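Chemist: Dropping a structure here in structure tokens format, bear with me for questions.
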Amino acid sequence: MKTKSKAAAMFLMANILLVSSACSSGNETKSNQPSDNPSPSAASTEDNKETAAPDGKKIKMRVITITTDENRNNIMEKFIKPNIAAALPNLEVEFEPGGGGEDMANKLKTLNSSGDMPDVFWNDAGYFTPLKNTGSILDLTPYISKDGFLDKYAVPDALKHVDNGIYSLSSGADTYFTPVIFYHKDMFEEAGVKVPTTFDELIQISKTLKSKGMVPAVTPGKDGWGPKIFMLQQMIQIGDPQAMADLVSNKTDFNNPSVKEGAARIETLVKEGVFPDGIANLDYGPAMEMFTSKKAAMLWMFTWELPNLAKDETVDFFPFPSASDKYDPAQTVQFWGSPVNGYAVNGKTEHPEEAVKLAEFLAMADALYFESTGAPISLQTGNQANDRSPLMQKFVDWYNPIPNKIASFALNSLDARTSAEVSTQGANLLTGEYAAEDFNAAMNKIWGENTWFNK
Amino acid sequence: MNKYFSTKLSIFVFASPALLLFTVFCVYPLLPEIWMSLHKHDGFRNLGFVGLDNYKDVMASPSFWTAHKNTYLIVAISLLLGLPLSMMLSLFMDAQTPRFRRFFKTAAMFPAILSVTVVAQIWLAFYEPNWGLFNSILHSLGLSSWTHSWLTEKKTVMPSIGLTFLWQYIGLNAMLFYTGIKTIPKSYYEAALIDGANFVQVCLRITIPLLQNVIKYILILSTLGSMAFYSHVRVMTAGGPGDLSRTVIYQMYYTAFDTSEFGKGTAIAVIFILECLLISFIIQRYVAREKLEF
């Protein structure tokens, strides 16, 4: 019996060894110590020798970037893929689709958790903090100062995070992204309505458009995208820009009457039929399709879609109309972007210098693309500025002189939990079955627990 | 030969690889999960021991109970509506000529082999409130007052998603029932016919009682499958609007990944594992306990 027990124990032990050896990563000898501020000097010479592919083999790099909108796909197909082999002949780059929004955030959080971060990735304010806390994002300052890439930016300070580090490289086009109302001029003419200048007029023309069998306006509402990204901010600031600026900087909360009125305006829009039935489950693609196929007369969207929409000559845009004397669309506007949005480098990459070069190449590809559309950018490409489409010129002429540019609430005020809950509560508001009062009460509780400003 | 294979040692030796894999991949991961549920954890860093606070917090959240209500609604739809319909479909198939039977078997299996994403996209088009199939039919029948924004209204969103789930798997269950029916000896039916039994009597007295092992298997499969309901919700509504269509699994995912509260997310997981174990135990204990031999 004893012999049998021993045999059984030996067999089990052998199995355990087999499984544990199969489960090990094989990278145990490599250092996985996180570092908040890795720099060129932090990488040992021996490591560099080992990773510089002395045998002439190409260095493998993994990139994850946004793949959900037409701009991103155009950049990949027309500017990155055709040029990367010539620009970076020592690299073999594998691109992995990242999706966008919460999907992209969750993918990167999961990869970070499992220690499988790509060498280069699209960084976003929504998931920057956990990546920084775990040393998964490199401070690019020493690298881009040394190779002169920093000098290509018109405003280098705009890249700096509050800790003075530079963590992401972008084309700088983000600063020029703002939500506007795109509309089909011919549909407005057919319905006999004019561009509204007040919130009440917006409701009124929506009723007229609806009575003519048109969908007045669309915007992506699924998962609370629209309310979180811009709608709540717009509805607050068209009544009281100062209240919105205060909310972004945590100087007020959801008890502020002007903030409460913002949520109430969303409830009004839904109940008055400005949006189609089912707006709370309308995804980005279908919302765009409803507008471009002229099922909907208006599209509430950021100007990142302007280059594509400008191809249709019937499309024009107007700023969000005013809901009080405190707001003037020529004086106040929301701007997108954050210094941490852009291409970033994994703080634990084995090839930091090559990865930074790759991030620079990708940022430049972005800049070349946006430049080709006539969009303003802050990363100088060295090319002559292209002729802008009339719609882009109209936008630049309106946007540039605006003195009061309020940062985006979604990117600059919310920790992960608050961000998710704003999406949840915002989607509730779009159902028309949820009162603005309930929204404000729920948001005030969540806002009180927001840790974004604790840093 | 048998004397070697019937010893405890040989049973242990042959079962140990499977037991080991089960332990490594199913039991072992539970331990860090339980540990994490007792800590404040953001997915990257342990922010300290909090005892049972995570459990208290998740159980105090209305979304947790909404998710439970939705999950058990799906279980109820699957069991109370799905199983009887699957059984009826299998009896119907059995009564067909071989040619029609082949057709129905293929048709019944077809939705089950489609990917959830494909099925969800098809049904999203059906439910689309402005141009979707269902509302268009209702409008054309003059029943406009019956139209709904199926996936954004509180009272219709979960039944709508549940119907999609039902449609996809009803045929699969019917095939399992049908396979069970084919194992029942024909002589039982012949004897019943001679005694003058009609179709309903044959079903109630012979087919269903002799299918109890198959019923038990499908019951466990359907119950646990419905409790793990996630993919349809993810594609069709992303748990929304708000938290209206979140299931427990979705709420766990949302809490852990969207809000970065992994401690609370794992607390939901631990609670849900206990629920699943309890339900499996009840089914094992009280359904089809007698051994059937025929």
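Any Cβ shown, glycine's included, is placed from N, Cα and C.
Dumping what TrEMBL says about this protein:
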TRANSMEM  B:12-31  transmembrane segment
DOMAIN    B:68-283  domain 'ABC transmembrane type-1'
TRANSMEM  B:72-92  transmembrane segment
TRANSMEM  B:104-126  transmembrane segment
TRANSMEM  B:157-178  transmembrane segment
TRANSMEM  B:214-233  transmembrane segment
TRANSMEM  B:267-288  transmembrane segment
Chemist: Which of B:12-31, B:72-92, B:214-233 shares the most C-beta pairs under 8 angstroms with the transmembrane segment (B:104-126)?
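Modeler: It is B:214-233, which has the most Cβ pairs under 8 Å.
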Chemist: Mark yes when the transmembrane segment (B:214-233) and the transmembrane segment (B:72-92) have three or more Cβ pairs under 8 Å (sequence separation 6 or more) and no when they do not.
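Modeler: In contact, yes.
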Chemist: Which residues, given as numbers and ranges, are at least 6 beyond the ends of the transmembrane segment (B:12-31) yet have a Cβ under 8 Å from it?
Modeler: 273
